[in-house]
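A.B. asks: For reference, the structure I am asking about is given below.
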Amino acid sequence: MVAQILVVVLLSITSSLVYAYDPSPLQDICVAEKVHIILLANGFVCKDIKMVTAGISLARIDFAPYGDNPPHTHPRATEILTVLEGTLYVGFVPSNQNNSTLITKVLNVGDVFVFPIGLIHYQANIGHTPAVAIAALSSQNQGVITIANYMFGSKPPISDDILAKAFEVDKKVIDYLQA
């Protein structure tokens with residue numbers, strides 16, 4: 001009985017000593033003048049006072065009628081999209097373990113959709129009027145990789161043979177896309 005009580009006490013003490021937190025941002029705001037200096041935060045001596053170190057990013061996306069935000073990915077952030085005006089058709093492709101099943105939804109005003117970190121996703125305005133959305137990203141340095149630009153616009157270009165095999169198309173199609 002004493003041994004069991006001792007084990008419970010030791011487990012409760014050791015489990016209460018666990019701490020977890022995100023690292024602190026480099027700075028909240030900066031009031032220094034823009035001079036030549038080696039130490040930079042986010043590439044500049046100072047940035048305008050914004051959400052520089054909040055650990056998140058916000059972007060307003062204005063879509064023309066039938067306009068789109070082509071397939072892309074954010075390697076370091078999850079995206080939460082909220083529709084303010086119009087109607088958007090959105091989707092993403094999860095990992096290969098899910099047989100690359102396309103997940104889509106039509107979003108109307110006030111609807112919210114989450115794109116998981118690092119997955120290829122897109123948004124398209126399916127209406128004949130402009131659409132507006134706000135995208136919140138879980139990083140101040142989320143990165144963006146536009147799939148078509150990276151596959152068909154790299155310098156030097158990716159070999160026609162490799163792309164033709166990967167996309168199962170003729171080399172002439174690859175040449176056209178890379179032009």
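Please read every residue number as a count from 1 along the shown chain.
Each Cβ is built from the backbone N, Cα and C atoms, and glycine gets one as well.
Keep in mind that TrEMBL annotations are predicted by a computer and have not been checked by a curator.
The following feature annotations were taken from TrEMBL:
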- 1-20: signal peptide (SIGNAL)
- 37-175: domain 'Cupin type-1' (DOMAIN)
- N69, H74, E79: oxalate binding site (BINDING)
- H72, H74, E79, H121: Mn(2+) binding site (BINDING)
A.B. asks: May I ask for the distance between H72 (Mn(2+) binding site) and E79 (oxalate binding site), taken between their Cα atoms and rounded to an integer number of Å?
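C.D. replies: H72 (Mn(2+) binding site) to E79 (oxalate binding site), Cα-Cα distance: 12 Å.
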A.B. asks: So if I draw a 10 Å sphere around the Cβ of H121 (Mn(2+) binding site), how many other Cβ atoms end up inside it?
C.D. replies: 21
A.B. asks: Other residues near the Mn(2+) site, CB within 8 A of the CB centroid of H72, H74, E79, H121?
C.D. replies: T73, A77, F92, F115, L119, I120, V144
A.B. asks: Please name the residue among the binding-site residues H72, H74 whose C-beta has the most neighbouring C-beta atoms within 10 angstroms.
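C.D. replies: Result of the Cβ crowding comparison: H74.
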A.B. asks: Fill in the CA-CA distance, H121 (Mn(2+) binding site) to H74 (oxalate binding site), as an integer in Å.
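C.D. replies: That separation, Cα to Cα, works out to 9 Å.
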A.B. asks: For H74 (oxalate binding site), name the DSSP secondary structure in the helix/strand/coil scheme.
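C.D. replies: DSSP assigns H74 (oxalate binding site) to coil.
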